[in-house]
Amino acid sequence: MAASSQGAAAVALRPPLPSGNGSDAGVAAEAGNPKTDVDRFRHRVDEYISKADELEQKVNEVVEYYANRKQPNNSKGNSGGKDKEKKKPGNSGSNNSGNKLIDGSRKEAVCTKRMQELMRQFGTILKQITQHKWARPFMNPVDVKGLGLDDYYEVIKKPMDFGTIKNQMEAKDGSGYKNVREIYADVRLVFTNAMTYNDDRSDIHVMAKTLLDKFEEKWLQLLPKVVEEEARQKEDEAQALANMQIAREAAYAKMARDTNSELDELNVHLEELRKLVIQKCRKMSAEEKRKLGVGLSALSPEDLNKALEIIAEDNPSFQTTGEVVDVDMDAQSEITLWKVKFFVKGALELQAKNCASKADDNLKRKKEICDALAKTARKRNKKLSSL
């Protein structure tokens, strides 16, 4: 009996010799309790499936991270990453990133201390302004109701006073000012609100403008320190962000390496389990070998080559090259036969599924063509009837 496929070597199958074992039952254990063996194998398979699902999630997470990574300066970043991996991609990278994070925390503490010093200096300026004899009208919120200022909130969208500023500067719950410029903006707002609502010639307007000029003069003396500190903060923030990115990169690189190692280990366990299951299989009957030959003949060229490779794995002397490949079923080990049978069964099932899918597509395409022709005919008939 011979089976040939276009693009693959023809396979000459030697008929199997008659066997006393005519049973066509499924896989059974040669020794021991078959049910116990099956339960044990099933339990291990469930464990491996669970592990595979876990590793799949990790793989997807790593793939998503690298897919969403920013592209600018990618070539430089990649070359640097490769050099690091060649040296010591494991502990050294994580230690370096950890040290950088600690340094970042220290810098943040120093930065906060410097900003607090600036706010203290600003507080001195504010104290000088509020102690001026003309500052009294601006110390508390405007008594809108008492003064009958019905349109005040229509003109002034954000009321402000020095009492409110002081309370926010002293706030301990995290709702206070974060930097000097926030306080500066509110102090200016106190005076600009007064100047906006009151006439240019009114006392309040004149007092507000005078105090604002004095305040701006003192602010200009502090401004260089503020600008310097803001530049340092911006640089520190950029460095902190870079350190976080490095730590994140190292974490995902480690996850990728660990996941790859775990996948290799899982593949080894699966291969061991597969061999163990096959070793427990009973001897294949002559009828089963005949059916296996028929199945090999029905394979596609690509799958047929894969089946021959499986035979060659366990039989180094087996030749897979040449126009005709001679396959003696009785010369193959039971392990090889069962391996080939499992492969052939899966390949034929997939082949049948693909054929069914292709047939459905062809039917769908034919239906679309028929519908289009019918639609064209209806339009032609309608046009003829209108003549």
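Every residue, even glycine, has its Cβ placed from backbone N, Cα and C.
Keep in mind that this is a model prediction, so the values were computed, not measured.
Feature annotation (TrEMBL): of 1-41, 124-164, 329-369, the stretch labelled region 'Disordered' is 1-41. Broken down with DSSP, the domain 'NET' (274-355) shows 57 helix, 5 strand, 20 coil. Residues in the domain 'Bromo' (130-205) partition by DSSP class (helix H, G, I; strand E, B; coil) as 41 helix, 0 strand, 35 coil.
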